[in-house]
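A short worksheet on the structure shown next.
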Amino acid sequence: MTTFDANGITLERVREYVWEIPQEDGMRAPARVLASEALLEEIKEDKTLEQIKNTTHLPGITDHAICMPDGHQGYGFPVGGVGALDAENGCISPGAVGYDINCGVRMMRTNLTYDDLKGHEEELVDSLFANIPSGLGGGGVVEAGVDTVDEILARGVDWALEHDYAVEDDLLHCEDEGMREGADPSKISQKAKDRGKNQIGSLGSGNHFLEVQRVTDVFDDAVGEAFGLSEDQIVVLIHCGSRGLGHQTCNDYLRKIEQQHQGLLNQLPDKELAAAPAGSQLAEDYYGAMNAAINFAWVNRQLIMHRTRQVFERVFDRSWEDMEMDLLYDVAHNIAKKETHTVGDGEEREVYVHRKGATRAFPAGHPDVPKAYRDVGQPIIIPGSMGAGSYVLRGGANSMDLTFGSTAHGAGRLMSRTQAKNEYWGGDVQQQLEEQDQIYVKAQSGATVAEEAPGVYKDVDEVVRVSDELGIGDKVARTFPVCNIKG
DNA sequence: ATGTAC
């Protein structure tokens, strides 16, 4: 048997790209890592493997915990982690959802080509930067009262539709039509609502960005056509989450769970995995709050998309409808969701699928895939770094068997933010991208550009190759950046 | 990711 020794943790090769940490001690299931050896060499460098192993101590862990090819260390549970926890006998863990609840990406198509945009790059990037709120702190497209925040939390993009920030077609091209069932605004603290009320329609900071891109390759013509993608076409990618509201909500529930469920906490190898037992009041409360924060993030991305349409209208002097600026799809990267899956012994079980830094990847025919894409599979959007371009994939035929219908979410970091700032200077990164690659970057903070320099990320091509080879998410198209704005 | 620490 081929093994891979990673600083004291031994992985057994199940087959190509599938590695297993066998069950031992307090583990309730094995852990799996889906990666090439090249990616595994990078993954082993931080606490990712220890964390995915720890995850298997959670009650109700089903089949195996899974680390995606872009996995890296996170709070308790790795970013790039998938864990299905039994919804009846298991638990739900805020750290396994992530601080930024429903951090995610959406892609909007246009009918513009790269030639239409050439010569307008600086005007476009300046106008996007001036009109789309970004950076830390407050200021959004909408400044809301508390009643409005409650409406957004309860109804998601349906609220945006009512207030003319969305059209019906936008809802039809979003998971859950932009409205999570079971959202309970009363389970979000006043403090979280106060943090969120002036951040509705704002990018935030860190790795969040808005990028205008051109399609460089379409690998699958039939699926590309179903997704409305063709070479040289301009698309817009929006990556952001639930800002201070989601962050505060995660924090609120971690503290509550630590206080009320110490018995379970003491059984876990890491306090950061704090979880509420399925069926407990706190599990129900967190699920209601998390679903509400998910709606908030969807509205956030919707308002940014709305404002982007307005900016394009001014720069190109045409209506957004005329430029066919339609939503391709919106994917969540940090969520837990009650789903029914066929588990190891062939039984159908309801599980809380935690996807943290992982994307749902439902295949063709799955009833939860929007009608527009049901015949080809769910679109998956995987952003690379700002120098490397991004991918569009479709849910693969093997995802339900291998990964509870999931795949990777991005390139994944290679080094910490602190380390990145020692290695790079923001101004130099910006200049190099513009001179070498004609990529126009505008940011609130030079430090953020250094933290997000292309060199701090893993090779997105390799991450996507593994997803494609495993048949969990199949390559459809590739894009390359033109303009990028960030916090 | 984040009113960039509690």
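Keep in mind that glycine also has a Cβ here, set from the backbone N, Cα and C atoms.
TrEMBL does not curate its annotations; it predicts them automatically.
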Stretch carrying region 'Disordered' according to TrEMBL (options A:178-197, A:338-357): A:178-197
Other C-beta atoms that fall within 10 angstroms of the C-beta of A:His208 (Mn(2+) 1 binding site): 24
Where A:His208 (Mn(2+) 1 binding site) sits in the secondary structure, as DSSP reduces it to three classes: coil
C-alpha spacing of A:His409 (active site, GMP-histidine intermediate) relative to A:His333 (Mn(2+) 2 binding site), in angstrom: 7
Same-chain residues near the region 'Disordered' (A:178-197), Cβ under 8 Å, at least 6 residues beyond its ends: 143-146, 148-150, 153-158, 160, 166, 170-171, 242-249, 252, 285-289, 291-296, 298-299, 302, 330
Packing count at A:His333 (Mn(2+) 2 binding site) (other Cβ atoms within 10 Å of its Cβ): 27
Packing count at A:His409 (active site, GMP-histidine intermediate) (other Cβ atoms within 10 Å of its Cβ): 28
Those binding-site residues of A:Asp100, A:His208, A:His239 having Cα within 10 angstroms of A:Asn334 (GMP binding site): A:Asp100
Whole-number Å value for how far A:Gly412 (GMP binding site) lies from A:His208 (Mn(2+) 1 binding site) (Cα to Cα): 13
